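Asker: Take this structure, written in C-alpha cells, and hold onto it; I'll ask about it next.
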Amino acid sequence: MDEAKGQGIAASRADVMCGIAGIVDLTQAGPSRSLAATMTGLLSHRGPDDEGVVVLGPAALGHRRLSILDLSSAGHQPMSTEDGRLAIVFNGEIYNYPEVKAELEGLGETFRTRSARDRLGKKPFFYHHRPGHFAFASEMKALLADPAIMRDVDLAAVDDYLTYSYIPAPRTILRGVLKLLPGHSLWLQKDRRITEPYWELVFGANGGHETEAHALERLEDLFRASVRRRLLSDVPVGAFLSGGLDSGSVVGMMAQLSSEPVRTYTVGFEEEGFSEIEDARVIARHFGTRHHEEIVRADAVSILPDLVWHLDEPFGDSSAVPSYYVARMAAQHVKVVLSGDGGDELFAGYTRYRQAMQPRPWRWIPHGVRRSVLGPVAVSMPVEWPGRDRLCEMAIEHRDSTPEWSGIYPYINLAPSIRRYDAVPAGRHPGQGGPHDHGAQPGIPRAPSRPHAGELRRDASFVLQAPRRHLQVPLPSDGREVPSRVHAPEAETGIRDSARALVPRRSETVCPRASSRAPVGRARVFRPARRGPGARPPPHRPARLRRLDLVLADARGVAPDVPRSWYAADMRDLVFMAILAGLLPFAIWNPQFGVLAYVWVGLMNPHRFVWQLSNFPVALTFALATLVAMILRKRFGRFPVRTETVLILVWFCYTTITTVLAIGHEAWAQWDKVSKILLMAIVAGMLLQSRKDLTRLVAVIAGSILFFAVKGGIFSILTRGNYLVYGPAGSFIADNNDLALAELMVLPLLLYFIRQEKKGWRGLLLKGAFVLSIVGIVFSYSRGALVAFVGLTLLLAWRSRHRFRALALALIAVSALVAFAPKAWMERMHTIQTYQQDASALGRLNAWGFAWNLANSRPWGGGFRAFTPETFQHYAPNPEDYHDAHSIYFQVLGEQGYPGLLIFLSILGASLLRLQRIRGQTRGEPEWKWAHDLAEMLQCSLLAYAMAGAFLGLAYFDLYYYVIITGVLLHVVYLEERRRALVPVPEPVRAGLPSARAAAPTPA
C-alpha cells in the first residue's frame, strides 16, 4: 500500500494472483488485527505459499502470496523498511526489477500512503470508505468480513450488469463498496480520499506517420519483449490455447523463446459446432507442445455454487465455465499460464468493434427522436424478427459513443425498467475516467478503446479468482507498450485496414495457416436436456426474467411444475388488455373520461403488467385520444388562471431552457417525459370543472396507488413484514421507497372518503384499506417514508377534535407494529440514528454536496439527469461515490439551479396557501364540509410529499402535480358552487294563472 514517489515505481509490472487486504482506522479504537487476519484468510485461494499481517499505527495490512519469482522468504509480505516505520503490500511481480532497483538506489526513502490499480484493470482492487475508516482487498468477500459494511444493492450497478454483462468500475453490486478505476491511484491523506489517473492510453503516441511494414515490425518486437518478460519465473510456465489467433500467437512466441516444449491447456465441448479443440490440436502439433485437453460436459451446473462464491458479483458470460475448467486443469501442472485474453479487445477482433468503425447514416437524426420513436417499436417486436437488433441499435446509439449494443441484449437499454435507473448516458461505457480515450481525434473512426480495459474482466479476472487455482495468468498483449503501439498507427492512419487486419498478414510466422478458422458460437453449456414425452416446457418468453429454480431445472433436464403460473399470467395479461382496449373508445368520445384514463394509466401503469404492452406508449395513446376528443367534441374547457397553473407553465418553459443548456446526454429524454406530465396536468384542470369531475379525479388518484398499498399490507401481515411490494418496472413507483411515498400521499385522500362514507359497507371497506395501507407503508423498509409517516400522523392527530385520543391510538398502533416487526426491519430503521456509519446515508450526503457544488458552478443547473458518474467526477465531494439525488430539493437544485428551485418551491407554497384559505373560508359551515375536508387532506398529502421528498428524488413525480391540479380544481368548483348558492332562484309562474302571491288579498 505504501509506494515510493520516484518514477521508477511507476514502471513496475504486476501480473500475479496474490491477495492483499488492509484497514486504515483513524478512530480511537484503531485497526483490528483480527479483522485484517480474517480478511486475509478469505483470500487464501489467491496465494497458498505464504501469508502475513502487520499492524502499523492506524493501518493493518495483510497479504497472501503465490510465489513465482524468488521463492525464498525474502519475498514475504507485508514488506517493511529496516526501521519499521513503513510497510507495503502489493499484488504483483516486478518483472523489470533490475532497472527499478538501480533507480531506487539513487532515490531517497520518501514515502506516502498510496494504493493503485494496474493500467488496464486486470487485477481487481475493492475498497470501502466511511468517516474514520478505510478498507481494501483484492476481492469483495474479504471486505464483507467487516460487519459494518451494508449489503445494499446498487440498482445502477444492476443496470450496468444487464447492459454490459458485468459491472464496470467504479461501481460494484453493493452501494458501499467501490472498485478502483484501471490506471488510477488512490491517496488517503488523513480521512480524505483522492483518486487520480497515473497512466493514459494516448492515441498517436509515435509522434508521426510511419509505414505499415514499420508498424508491424515494431508491434512484433514489443509483443516478443512482452512475452519474454512474462516467461521470467522460478516455477513452470504454461499457456492457455483456444485455437484462435490470439492464444496461438502467444504459444508461437513462447515456442520461439523457450528451450523446452511449451505446456498448453485446452477445453472443448460435446457440441462439435461450439468446440475449438481441433483447432487447438493443430497449433499444438505445429509447435510441438505438451498438450492437455478436457471436455466440458452438460452437467457443468454442478460447479455453479463454487463459481458464484468466488466471483462475488454478477457475471453474465458463459465463458466463465470453460475458464474454470481450463484453469483447474492447468493448476495441476504449473503455477504460471500465459493467455491470449485481451487480443480481441485490443485489435478489434469482435464483430461489434469492427461495426463500430463503420459509418452510420442515421446518426444525423437527433438521438431523442430516434429513441422516442424507434425505441418502443423495436422493443415491442418479437426477438426473432429480422431487423429488430438494427432498430435497437439506431434507437440507442449516440453520435460520439461506443455502441450500446456491445452489451448482451441491446433491447434492454430501451426497457423502462432500465431507463428508470439509467445512471450513464445511453451508449457510453460507464467506465469513464480510465485510461481509455485520451488524445482521440474527432472525425477519425477507430476501434473502441473504452471497452478494452473493461472487457478484460471476463476470463482474466475470472481465472484469477477461481477456487483452488493458485495460478498466475499474465496477458502479454496487454502490457503497457503493446496497447499504446496498437493505437498509435490506428489514430495516425485512420485505421485504413485496422490493427486487426495487419496482424494476420504476419501471423503465419507464429501460427500455421491450417489453424485459421471462423469464430465459433457461444457454447451452450447449460443446454436443456431432452424431456420425457409427457413433459411440457413453459411458453417461450425471451425477455421475461425467470426464477432461478426454473433455469436450473432446465439445466438438469427436469420439467418444472410451472404451467399454472404461466397461464395465470396470461389471464392477467388478457384482463388488462381488455380493460385498456375497452377504455380507449370512451376516451376518444369523451375528453373528460380520456383525461381521467390518462391519470390512471400514468399513476398505476397497468400496461406494465401486460407482456405485449409493457413497452408500448399507452399513456401517450390516451393523451392523444383526449386531444382528439377535445377537437371532435369541441370541448376545450377553460384555462384555470391560478398562481399554481401559471407557475407550472413557467416551470415548463424554464426546464425547456435548462434542457437546451444541459450537460447530460439524456436530458431531452427526461424532458419529454416531464413535459407530458405538466401539460396533461394543465389539460386536466381545463376539462374537469364540476364537483362530480373533482370527486372522480380524487378517486382515480387514490385508487391507482391503493392497489399497491393494500397488496403491501396484506403480504406484510402474511409474512410478518418480510415481503416487499414494488411498483411496475419503468414507472415512478418502481422502487419500494418511491412506492411508499406514493402510498403516503394517497393516505389522506383515503381518509377523506372515509369521512364522507362513515357508515355502510363502503365505509368498512375504506377503513380496512386504510389500515392495510398503513401496514404497507411501515413495512416498505423505507426510512424516509417512515419519518414522513410519523410526521403526518402527528399532524392529523393534532388537527383532530380528539387529538389526545388520536395520539394515544397512534402510540398503541406503533407499539404493536414494532412488536410485530422482524429483526431485519428493526436493523434497517436503526440506521436512521447511526447514519454516520451508513454507506447509503453517506452517499446521499455526497449527492447533496454534488448538487450544491453544481448549482454554485452553474446557477441554472445541469439540466435533467445531471446526476451521473461523469458529472460526479467534476462536482462531487467524493467523485467515486455516485448516488442518485435522494431529495426533491437537491435534485431540483442540481438539475434546475437556484431559479428552478425557487419556481418549484413557489408551486408547492402557492398550493398550500390556497388550500389553507379554502379551509379558513369553509370552517364551521356544514354545507361546505366536503370542501373543508378535501382541502385539509390535499394539504396533508402535499406536506407528506414535502417531508418524504427530503429523502427521495421524485421532483417530477406525476402524482404530485395531479394533487396540485386537484387543489386548483377544488378552488374553481368551490367558488362556482358558492356563487350559485348566493344567487336567488326565481319562483316558477304557471301560464295564465296569477301567482299565489298575486292572488292573496291585500291587507287593509
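Here the Cβ of each residue, glycine as well, is placed from N, Cα and C on the backbone.
Predicted automatically and left uncurated, TrEMBL annotations should be read as such.
What TrEMBL lists as domain 'Glutamine amidotransferase type-2' is 18-191. Taken from TrEMBL, the feature region 'Disordered' covers 423-453. Look at TrEMBL and you will find 574-601, 613-633, 645-668, 697-718, 738-754, 807-825, 934-953 tagged as transmembrane segment.
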Asker: Which bits of the chain, at least 6 residues beyond where the transmembrane segment (807-825) starts or stops, bring a Cβ under 8 A of a Cβ in it?
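Answerer: Cβ under 8 Å, 6 or more out: 720-722, 774-775, 778-779, 781, 793-794, 797.
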Asker: Ranking 574-601, 645-668, 697-718, 738-754 by Cβ pairs under 8 Å to the transmembrane segment (934-953), which is first?
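Answerer: Stretch with maximum Cβ contacts: 738-754.
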Asker: Which residues of the chain, 6 or more past the ends of the transmembrane segment (738-754), have a CB below 8 A from one of its CBs?
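Answerer: Tertiary neighbours of the transmembrane segment (738-754) are 603, 698-699, 701-702, 705-706, 708-709, 712, 725-727, 732, 763, 766-767, 769-770, 773-774, 776-777, 780, 782, 784-785, 788-789, 792, 796, 933-934, 936-938, 940-941, 944-945, 948-949, 952, 954, 957, 959-960, 963.
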Asker: Averaged over the domain 'Glutamine amidotransferase type-2' (18-191), what pLDDT does the prediction give?
Answerer: 77
